[in-house]
Amino acid sequence: MALLRITSPHTQRAGRRTAWVMQMVILATIPGIVVQTWLFGWGTLINVMIACITALLCEAAILSLRRRAVAFFLKDYSALLTAVLLGVALPPIVPWWVTVTAVAFAIIFAKQIYGGLGNNPFNPAMVGYAIVLVSFPVPMSQWLGVQSLVSAQDTLTFTQSLQAIFQFLPVVESHALIDAYTMATPLDGFKTKDLLTAEEAFNTVPALHAANLNSWLWVNLAYLVGGLGLLWLRIITWHTPVALLGALLVMSGFFYGVDSANAASPFFHLTTGAAMFGAFFIATDPVSSCTSNRGKLIYGAGIGILIYIIRAWGGYPDGVAFAVLLMNFAAPLIDYYSQPRTYGHQKAKTGLKIGEDN
Amino acid sequence: MNTNTDTDVIDATKDNTPSAQYTDIIYNGLWKNNPALVQLLGLCPLLAVTSTVVNALGLGLATMVVLMGSNIAVSLIRNYVADAVRLPAFVMIIASFTTCIELVMQAFTYELYQILGIFIPLIVTNCAILGRADAFASRNPVLPSAVDAFMMGLGFMVILVALGAMRELVGQGTLFTDMQLLFGDMAVNWKWVVFDNYPNVLFAVLPPGAFIGLGLLIAGKNYFDEAEKKRVAKQKIQDGPSASKRVRVTGQVS
C-alpha cells in the first residue's frame, strides 16, 4: 500500500511506502524523546513503551475481528506512530491506565471503527489525548518538574518512575507528596496567574522561572529539529507548519502589542507547550489534514489561531489537541474550496456543486 | 417523522379491527421499530439524562406513562377529530399528560424531579410520542393502541436504562446509585460498587459518552439483525427453491 497524498505520484521517487514514511516520522521524534527524558526523567520512555504495546495489541485485535490481514497492516507502523505521538504527549508519570485508555481509544474508536488507516477523519493520537484530558483532568495536569528544579532527593529514578506509573502514588517515603516532584508547566502557570500582570507573573510564579521556560524551549527546539528532518526528507511540506506557527505568531504578537501587561510574548507562545510538536508532527498528518498546498495553508493557519484562542481565553492551558480536532472537522470543506487549477483549464474548481458529477 | 411504519399504517379506522397482530406490535416496539435504536426519536432526553440508571429509569417510566395515556386518549377520539386539527389535538393531549406526570413526579419523587429538570416538560416534544399517536393510535382501536404504546415505551425505556447502565458503569464504576430517589428508602442499599477505587471517567458521564454508547448499541442491534439475516438466507438455500415458478409481470412489483 503506497501513501498517495499528491495528485501526481509518478513524479515521486519510488519506494516511498507507507511503512517507510511512518518509520521516518517515528525516528524524527527521537530528538524530542531524548530531550524530554533528559529533562523530565524516564517517564516519557516508559509511556512510549506502554503505548506501543497497547497500540499493537488493540490494532491486532480489531484487525482480526474485522477479518483483515493482521501482519500486513501491523507492518505499516501507523499504529506504532500513533502510540509514540501519544506517549510523548502525555505527562511523563501519568498512571498506566491513562496511557492504555488513550491509546486504545485512539486505535479502536478513532481509527479502526472508521475503517482503518486512511479513512479516519480525525487525528487518532489527538482523539486519544482529548479523551483522557476530558476524562482524567487530575493526572493529566500533573506534569513532572524539570529535574534541575526539583530538589535532588525528589527526582525519580527509573524504578521510582515505574512505581509512579504502575501505582496510584509512589510509596517511597520521600515521595509522599506528589507535589514534591510535579510542577506546573509554563502554560499552566501563565493560565493561572489570576490578577498578576504578565511581568509580575514571570518574576514570582515558580512555573515561569527561567529554568522551566528554558526546558520547554529545549523540548520545542528538539521537535523543531525532528520536523526539519521530515521537511528535508520531503515527508511533509512546509505549508502546514509555517502557516500554523505564523498564525500563532501573528495572533500572539497582535495581542501582545495591544495589551503587553496581560498577554505573553510571541516567543513564549512559540516555545512552550506543544507548539512545535503540534506544528510538525500532529497537524501534518496526511490522512486528517488538507491535501492541496493552499488548503494546507488555510488548515495550518486555522489551527494556529485556535491554539492561541484556547490558550488565551479557553479552559485549558494548551489547545493543540482541540485545535487540531476542530480543524479536522473543517478539512474536507477546505479541500472542496482549495482545489488547484488543472493544467489547461481557465480556473480552478471550487466548492461542491450539487448534482454535478465530481 | 416516521418512515418505518409500513406495517401499521394500514387504515383500520372504518372496521374496528387492529391493523397488526399483537405479536407484530410487540416485536415492532421492542426490536424491529424500536424508537431509540431504529427510529432514533427522542434523542434529546436519551442523550441528556442517561448518565445513571436511576435518571434513565425515571425518564423512561415518565415517557412510557405519557405515551400510554396519549395513545389511549387519541385512539378514543380518533373518529371524532377532523383531520385538519388532529395534530394540535394530539399535542394538547400529550401536553396534558406530560403536565400530569410532572406534577406526580414533583409530589412523589421530588429530588429526581429536580435532577431531570427541563427534560420532564420536554417529553411533550418527544417525537416518538407524537409519532405513535399519528401513525398508530389515530388508526387503531383502544386495546392495540395501548399495547403498542406500552411496547414502544418499554423499548425506549430499555434502551435508556441500558445506556444509563453503560455510562454509569464506565463513568463512575457503580450501578444503581441513588435508586432511593425512585423507589424510596428500601432502595438505599441497592448501590453496587462494581470497581473499588475507580477513577471517574468524565467522558462517559458527559454527553459525548452518550453518543458513543448509543452508537455501540445500534451497532450491536445491526450485528444481531445481520446474523439473523444470514441464518435465514442459509436456511432458504438449504430448503431449495420454492415450488411456484410463476413470475408476476404486471402491476406493482414490490
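Note: Cβ is positioned from N, Cα and C throughout, glycine not excepted.
Only residues 6 or more beyond the boundaries of the transmembrane segment (A:20-39), in the same chain, are considered here, and those with a CB under 8 A from a CB of the stretch are 3, 45, 48, 76-78, 80-81, 84-85, 88, 92, 146-147, 215, 218-219, 221-223, 225-227, 229-230, 233, 235, 277, 280-281. Annotation comment: TrEMBL describes A:20-39 (among others) as transmembrane segment.
According to TrEMBL, the feature transmembrane segment maps to A:45-65 (among others).
The transmembrane segment feature in TrEMBL is assigned to A:72-90 (among others).
The transmembrane segment annotation in TrEMBL covers A:126-144 (among others).
If you look up TrEMBL, you'll see A:Thr185 marked as FMN phosphoryl threonine. With a cut-off of 8 Å between CB atoms and residues at least 6 apart in sequence, the same chain places A:Trp143, A:Ala207, A:Asn212, A:Trp216, A:Thr272, A:Gly273, A:Pro317, A:Asp318 near A:Thr185 (FMN phosphoryl threonine), listed in sequence order.
Taken from TrEMBL, the feature transmembrane segment covers A:215-233 (among others).
Under the heading transmembrane segment, TrEMBL lists A:264-284 (among others).
Residues of the same chain lying 6 or more positions beyond the ends of the transmembrane segment (A:296-314) and with a Cβ under 8 Å from any Cβ of it are 187, 191, 237, 239-252, 255, 263, 269, 273, 275, 278-279, 283, 289-290, 320, 322-324, 326-327, 330-331, 334, 338. Here TrEMBL flags A:296-314 (among others) as transmembrane segment.
Feature annotation from TrEMBL assigns transmembrane segment to A:320-337 (among others).
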Which sequence positions outside the transmembrane segment (A:215-233), separated from its termini by at least 6 residues, show Cβ-Cβ distances below 8 Å to it? 24-25, 27-32, 34-36, 39, 146, 148, 185-186, 241, 270-273, 275-277, 279-281, 284
Per the Cβ under 8 Å criterion, with at least 6 residues separating them from its ends, the transmembrane segment (A:126-144) contacts 40-41, 43, 82, 86, 89-95, 98, 101-107, 109-110, 156, 178, 181-185, 188, 282, 316, 320-322, 324-325
Same chain only, please: residues at least 6 beyond the ends of the transmembrane segment (A:320-337) with a C-beta under 8 Å from a C-beta of the stretch. Say none if there are none. 89, 121-123, 126-127, 129-130, 133, 273-275, 277-278, 282-283, 288-292, 295, 298-299, 302-304, 306-307, 310, 314, 350-352
Chain residues in Cβ proximity to the transmembrane segment (A:45-65) (below 8 Å; excluding those fewer than six residues from its ends, i.e. six or more beyond): 33, 37, 73-74, 79-80, 82-84, 86-88, 90, 92, 94, 96, 99-100, 102-104, 106-108, 112, 116, 161-162, 165
Beyond a gap of at least 6 residues from its ends, the CB atoms lying under 8 Å from the transmembrane segment (A:72-90) belong to 1, 18-19, 22-23, 25-26, 29, 32-33, 36, 44, 47-52, 54-56, 58-60, 63, 98-99, 102-103, 106-107, 111, 116-117, 124-125, 128-129, 132, 140, 274, 277, 281-282, 321
